[in-house]
Amino acid sequence: MGYFLRLLQLLSTCVAFSLVAGVSTLQVAAGNWPIFVWCFCFVVTLIILIVELCGLQPRLHLSWDGFLITSASCATFLCLSGSIVFATACIQLLPHSPFGNHAIAVTAFSSLASLAYAAEVVWTCAWSGEFSCSVLTLPGLLHRLEIFVACVIFAFISSPHLYVHQPALEWCVAVYSICFLLSAVTLLLNWYNWDNRLPVPVPLVHLGLTLLSALLYASAVVLWPLYQFNGEFGGQPQRSSDVSCHDKLTYYMCTWDQRLAVAVLTAVNLLIYVVDLVDLARRFFYQLLRLCIRPPDSLLLSVEASSPNSVVL
């Protein structure tokens, strides 16, 4: 079943990329983000398939099932974001272009890839017998939602002219990139068993990274709308003031729409980070509370049992 799903993933991403690459009009309409997503997912899936066919999993010092679940869940959100961006870009393209069938086929194959990756997540969790699969828990779901929203933001800010004219907007782009890298670090901590290698507990590291990401996103929530829609800071408060929105034959979202989408998605991701932070703080507080209210006799017995010189009577 796993091989079948990976072959379906390779086929769907390859067909989606090939259809877009063969029509220059679709490339202009959809932008570079969906093309990057399909190529990236195709390469990662191909590497995973080669590793499994060659039996190289034991040589990789990581939880292979955890890696498959994490990579498939991230690929699900990536392909879903590519489908949404491409379909949104083609809403205006279909009535004016003879390549409407190509656009529908690309969206269909990209959606099929998302379903194939989602099916791999469910299959791997069921096959491995890990009922506490991190994807099916609230922290795992929130963490992957953060990555998904960041990927959609990257799709809308793929045009540098949205932010290169203001240092504050460049800081917002840096915030999106830094938080995405922090999420990747958290994924690496989940793949490997770092409990005995780090000087601090892994939950505390996760809590610190989430707090830092929430603070960074809070600055972006303020700066991005301020410098994009406030006239005193060089922004455009109304959509009618954007020249790119006047062309009815435009095959893509105008610049003002992209700015608004990034502002809304930034607020959404900040809300997700806050919910994740509250959940992590609650669980960390309960763990400390259980340690504090633990009876002294049980603590003494645990210390004596862990002592190498203790004698079991």
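These residue numbers are counts, starting from 1, taken along the chain as shown.
Note: Cβ is positioned from N, Cα and C throughout, glycine not excepted.
What TrEMBL says about a protein is an automatic prediction, not a curated fact.
What TrEMBL says about this protein:
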| type | residues | note |
| --- | --- | --- |
| DOMAIN | 1-129 | domain 'MARVEL' |
| DOMAIN | 134-285 | domain 'MARVEL' |
| SIGNAL | 1-16 | signal peptide |
| TRANSMEM | 35-55 | transmembrane segment |
| TRANSMEM | 67-94 | transmembrane segment |
| TRANSMEM | 106-129 | transmembrane segment |
| TRANSMEM | 141-162 | transmembrane segment |
| TRANSMEM | 168-192 | transmembrane segment |
| TRANSMEM | 204-227 | transmembrane segment |
| TRANSMEM | 260-281 | transmembrane segment |
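As a quick check, the transmembrane segment (260-281) and the transmembrane segment (141-162) clear the bar of 3 or more Cβ pairs under 8 A, pairs 6 or more apart, so the two touch. Of the candidate ranges 35-55, 141-162, 204-227, 35-55 contributes the most Cβ pairs within a distance under 8 Å of the transmembrane segment (106-129). Same-chain neighbours of the transmembrane segment (204-227): 146, 166, 168-169, 171-172, 175-176, 178-179, 182-183, 185-186, 189, 198, 233-235, 259, 262-263, 266-267, 269-270, 273-274, 276-277, 280-281, 284, counting only residues six or more beyond its ends whose CB sits under 8 Å from a CB of the stretch. Long-range neighbours of the transmembrane segment (141-162) within the same chain, counting only residues 6 or more positions beyond its ends whose Cβ lies under 8 Å from a Cβ of the stretch, are 31-34, 37, 73-74, 77-78, 80-82, 84-85, 135, 169, 173, 176, 179-180, 183, 186-187, 213, 255, 258-259, 261-262, 265-266, 268-269, 272-273, 275-276, 279. According to DSSP, the secondary structure content of the domain 'MARVEL' (1-129) in residues is 110 helix, 0 strand, 19 coil.
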